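S.K.: Below you will find the structure I want to go over with you.
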Amino acid sequence: MEMNGGKQESSSVEEGRKGRMTLTLALVTLISAFGSSFQYGYNVSVINSPAPYMQDFYNRTYINRNGVPMGTSFQTLLWSLTVSMYPLGGFFGSLMVGPLVNSCGRKGTLLINNLFSIVAAVLMGTSEIAKTFEVIIVSRVIMGIYAGLASNVVPMFLGEMSPRNLRGAIGVVPQLFITLGILIAQILGLTVILGNPEGWPLLLGLTGIPSAFQLLTLPFFPESPRYLLIQKGNEDQARQALQRLRGWDDVDDEIEEMRQEDKSEKKEGHLSVLTLCTFRGLRWQLTSIIIMMMGQQLSGINAVFYYADRIFLSAGVDANSAQYVTVSIGAINVLMTFLAVFIVESLGRRILLLAGFGLCCGSCAVLTLALNLQNTVSWMSYLSIVCVIIYIIGHAIGASPIPFVMITEMFLQSSRPAAFMVGGSVHWLCNFTVGLVFLYMEAGLGAYCFLIFCGICLATMIYIFFIVPETKNKTFMEINRIMARRNKVKIHAEAEQTMDLETVPGMKADKPEVLGSEL
């Protein structure tokens, strides 16, 4: 009994060592998230506050060139392009993820990506001096490409270098910095700061500062160890990177786990998006990330932010305070995402996804009722405020951060870049679609449009409940084994022996097969 107890204690100590947040890991997480994810959020909301002044600049520039004012329809078209080119650029950026991360590495892709942001920041910051509004629209496309790459590469990079019992918490950090970027843009966009006729060019140009900081600091930190060993075949560099990230020399267990993943995937090579979409061994993983990404963007988050101002106005908030209301909602978003960092490892991914989409579903249903009755029942406007806050909480703890964590965890090294390309493309296409059709939905359905979002949240929640497994504190190979059973495919025999995997019912264990081969 003493020996057994000693072994358990030793195992417990070893597990504690592996889960330690070292200074190197903390710094690379913060630098990656601030230098990349922060700007995704910043550029989502940076043009909202100065919109009237930017549109006035468009009109003045047009008058100087042509001698006549810009037509209303043409001005609307130009502003629609300014807004919509960002998610469209994000879609194109997502398509670049696979080729770049496979050839340049995760860290290398982030460093190259900074050039997009710096160029766009200079162009936007000097647009008024140059008297050209076209460069703002072009720069929004460039920033979209930057954000499309950043939103996919940062979770991949951090997920691959995190110890498994911190992978969820570290995986939520990029989303935390996205919400922080939104909040900082809202604060700087206040009329008393930079959201005014003189300050908006600087407001747009500030986006280059985090990129410059990352460009100067990230080269001093290691590349993803999994990329170095599995894709580059350089075990020495992978070991050195792991030793720096973990803070000790004994990293043999993690190196061995990577070797087994490498062996199990040898015959597959790197999966392209086309192969991924037709490969039975990854069928449920692919379906799951598409459903979660669609649910994330089609769940009504943009609509809630759109309605927030008028909901608070109906509750008696002064019109001049509308900007501060928006900032307060942004602050709630940051606080709840910050909370998610600390609870994702204790509660698990599934619980947060189900709770998040559940809260969004319920709040959308009640909000529909409250908005339709607020003119007849006085206290309904206050119920609307409560619904908005609950919705923001639900999205912040589950729907926003967890899907990107799940992409990292549900795919192995050979298929992960292609999976991020698919997930990122769905994310940005749905973002673009909502921006395109929501105003028409709102005009045609009014507050009843929230019933559509309620239905989408409910459908996503049901899918997650029945299909998506818990991935907390599991290795990538253990997660792959769980999904292999759902896909009814065989696991590579050598990997099974090393990991002591259970045989999937109906499989013959004596015949070695490639990971994911069909039954």
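Cβ atoms are placed via backbone N, Cα and C, with glycine included.
Feature table excerpt (TrEMBL):
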TRANSMEM  21-42  transmembrane segment
DOMAIN    29-472  domain 'Major facilitator superfamily (MFS) profile'
TRANSMEM  77-98  transmembrane segment
TRANSMEM  110-130  transmembrane segment
TRANSMEM  136-158  transmembrane segment
TRANSMEM  170-194  transmembrane segment
TRANSMEM  200-221  transmembrane segment
TRANSMEM  289-308  transmembrane segment
TRANSMEM  324-344  transmembrane segment
TRANSMEM  351-373  transmembrane segment
TRANSMEM  379-406  transmembrane segment
TRANSMEM  418-439  transmembrane segment
TRANSMEM  445-468  transmembrane segment
S.K.: Might you confirm whether the transmembrane segment (200-221) is in contact with the transmembrane segment (289-308), defined here as three or more C-beta pairs under 8 A between residues 6 or more apart in sequence?
M.R.: no
S.K.: Apart from its near flanks, which chain residues at least 6 from the ends of the transmembrane segment (379-406) lie with a Cβ under 8 angstroms of it?
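M.R.: 151-152, 155, 159, 167-168, 171-172, 174-176, 178-179, 288-289, 292-293, 295-296, 299-301, 304, 307-308, 311-312, 314-316, 329, 332-333, 336-337, 339-340, 343-344, 349, 352-360, 362-364, 366-367, 369-371, 373, 423, 457, 468, 471.
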S.K.: Counting only pairs 6 or more apart in sequence, are there at least 3 Cβ pairs under 8 Å between the transmembrane segment (21-42) and the transmembrane segment (170-194)?
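M.R.: Taking Cβ pairs at least 6 residues apart, the transmembrane segment (170-194) and the transmembrane segment (21-42) are in contact, with 3 or more under 8 Å.
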S.K.: Six or more residues out from either end of the transmembrane segment (77-98), which same-chain residues have a Cβ under 8 Å from its Cβ atoms?
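M.R.: 43-44, 47, 51, 54-55, 58, 70, 109, 133, 136-137, 140-153, 272-273, 417-418, 420-421, 424-425, 427-429, 431-432, 435-436.
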S.K.: Test of understanding: applying the rule of at least three C-beta pairs under 8 Å (pairs 6 or more apart in sequence), is the transmembrane segment (324-344) touching the transmembrane segment (136-158)?
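M.R.: These two stretches do not touch.
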S.K.: At a threshold of under 8 Å on Cβ distances, which of 170-194, 200-221, 418-439 pairs most often with the transmembrane segment (110-130)?
M.R.: 200-221
